[in-house]
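What TrEMBL annotates here:
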- 28-660: domain 'Major facilitator superfamily (MFS) profile' (DOMAIN)
- 62-87: transmembrane segment (TRANSMEM)
- 94-116: transmembrane segment (TRANSMEM)
- 129-159: region 'Disordered' (REGION)
- 147-158: compositional bias 'Low complexity' (COMPBIAS)
- 271-291: transmembrane segment (TRANSMEM)
- 351-369: transmembrane segment (TRANSMEM)
- 389-409: transmembrane segment (TRANSMEM)
- 421-441: transmembrane segment (TRANSMEM)
- 466-521: domain 'Kazal-like' (DOMAIN)
- 541-568: transmembrane segment (TRANSMEM)
- 631-655: transmembrane segment (TRANSMEM)
- 685-709: region 'Disordered' (REGION)
- 699-709: compositional bias 'Basic and acidic residues' (COMPBIAS)
Amino acid sequence: MDPPHKERRSPENGPSSARPCCSSLKMFLVALSFAYFAKALSGSYMKSTITQLERRFDIPSYLIGVIDGSFEIGNLLVIAFVSYFGAKLHRPKIIAMGCLLMSLGTFLIALPHFIIGRYKFETSIRSSVNSSSNLSPCPVRPSDLATGPSPTSGPSSGCEHESRLSMWIYVFLGNILRGIGETPVQPLGISYIDDHALEENAAFYIGTSTSQTNQFVPPVLGCVQTISVVGPVFGYILGSVCAKIYVDIGFVNMESISITPGDARWVGAWWLGYLIAGLITLLSAVPFWFLPKSLPLPERRLAKYSPERTSFIKDSPLLEHKYQADEPANFLEMAKDFLPTLRSLLGNPVYFLYLCVTIIQFNSLIGMVTYKPKYIEQHYGQSASKANFLMGVINIPAVALGMFSGGVIMKKFKLSIMGAAKFALGTSLLGYFLSLFFFTMGCENASVAGITRSYNGTESLYKADSSLWASCNANCKCPETSWDPVCGENGLTYVSPCLAGCRTSHGSGMDTVFEQCSCIAVGNHTASAGQCNNRDSCHRVFPYFLALSVITSFIISLGGTPGYMLLIRCIKPQLKSLALGFHTLTTRTLAGIPAPIYFGAIIDTTCLKWGQKKCGGRGACRIYNTTAYRIAYLGLTLGLRTASFFLCILGLVVLRRHVRRQERNTLANGGTGAAAGELQALRKEENNSCNSDQCPRTADYDPERETRL
């Protein structure tokens, strides 16, 4: 070998010889952390734009669920291929290509904004006083027509040139591309660190509490998982900023916009955030192109190998990588061994029950998180900007703090596998019982004439579009599908000034006043633009909702780290990689994809007034039955968690029996052999402060293994 390589191997030059390796590893760690930040930012920004996409493309919530789940579809399409073949290729460059695909997918999501044309919302408000004088919101119905709804008008002009391809398809395809590009980042990035970092540092770099040392690692190196938590915070804040900006900013005269961010017709600059997120993701790909395929192993890691193996690796590092690549005999033998191994894994009752519990709880979690900003908007009357801001600065940090605190508690009290299981179940139950108080923090429905209230304002109604007509507006030729709300002097919202029976109007923009409204029987018979904001009790209860939301998020997240460690310890070490991979595969397939779809479909059933697309057909929902929305959203979330608790209790009983059986087997075998190795995997070692050179190693430890998630 060349002299510099021999100098790297010399014992007396150990500290300085590791410097090039460590500097490259640190560069990889920084690059991987930035990639984690970029993918987490774009993923959380997608969640923050749900209501914006609904309104812009006039689609119901279940289609938004399809779009949201498309990321997992893209991920699952290539995860097996990337995890197996990617580890044998140039991992940094594979990650770089993944980042490029993520960036391309993010840009593709923003593409419809530039080809769909300007956003046109329903309104009868004049943009300027001179544009139209003496405009009557209530055109008189011809006398030969019976009272009731006017004939449904045909599609708007220009629809014959409208593309038959719905614009949301571009968002769907872009999100699939994002999922494909994200696939190599985690498994290849973590395996690269695990292969080249010192054993006591790898856990700190990756962010999992598996190291048994008490050595302090400089915080400047950071932690991948910690950085990935920061991404959602910035993603929701970016969503908040963009939601305040009108969708066609820079292309229209903002003085002509007669709606506010709190209006059900408002669409923010959703596309702008995707351009920013795409650019950040594109930049994250750059460092990986300059990183080597592999790094020389640190001297301290080589010292832990047997003398014969150390000599072999030192004399021929290239042969080491060749040896790793040639380990699998052939594809047929691997395929024959796969099914028995998977059968053995699923035959572990603890793992199988844990898998079922997490699938159910992930369905609850993903559905809840996906539609929580929408719930805040619709139920408490907050703008999309405020809902996203609160998610970013309150809920996400509470979850991150809870997961970190759970790891600290587990380490401080040296929790065994049973202790970790009980702690995770206890925090989940406490969070569940606290979440029941959300049912008491309800809001009354907005008072809308003909939908939630009768036209005289005394009777409560829950009928969609069936009672929009009354004697006071019977002579008006009104489009029954429009949503152009006005607030009457009587505190009642009317679907449109026409349906309020208003004859004249003056002013422009948000200062427009509608007069001679026959359905408003008090005062001067006038109405102002926009929906009435008279839900004072709702605004009073909203701070309590936020406080309880933070507390429950923190408490439930406390059990996240112990629960994850339970997954690792309840299986044999040689099955760990397969167990983690299969767990990720099943939760994404059975929770990540279906949960947003059926949550959205159930939410759609609570809609009271649907909008209409420009060229006909049902559009986005304009107003929901808030009581039914609350019961459906919270009931489904907590109902799934209720079902999971029955399996949790069963799993706890099975785990207790499993641990006792392993203890008996260990005592029967004299505390040695394979039984001791399996028990060591099931129970936490009593001495967490010993260093890696003194701690006993399990019998099946392989220093050349690669961690594949």
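Don't overthink the numbers, they just go from 1 along the chain as shown.
A Cβ is built for glycine as well, from the same backbone N, Cα and C atoms used for every other residue.
Not measured: the values here are computed from a predicted model.
Across 94-116, 421-441, 631-655, stretch 94-116 shows the highest tally of CB pairs under 8 A with the transmembrane segment (271-291). Away from its own ends, the transmembrane segment (389-409) comes close to residues 44, 48, 209, 226, 229, 232-237, 239-240, 372-373, 376, 382, 415, 423, 427, 546, 549-551, 553-562 of its chain (Cβ-Cβ under 8 Å, at least six residues beyond either end). Here the listed stretches are 62-87, 94-116, 351-369, 541-568, and the one with the most C-beta pairs under 8 angstroms to the transmembrane segment (421-441) is 541-568.
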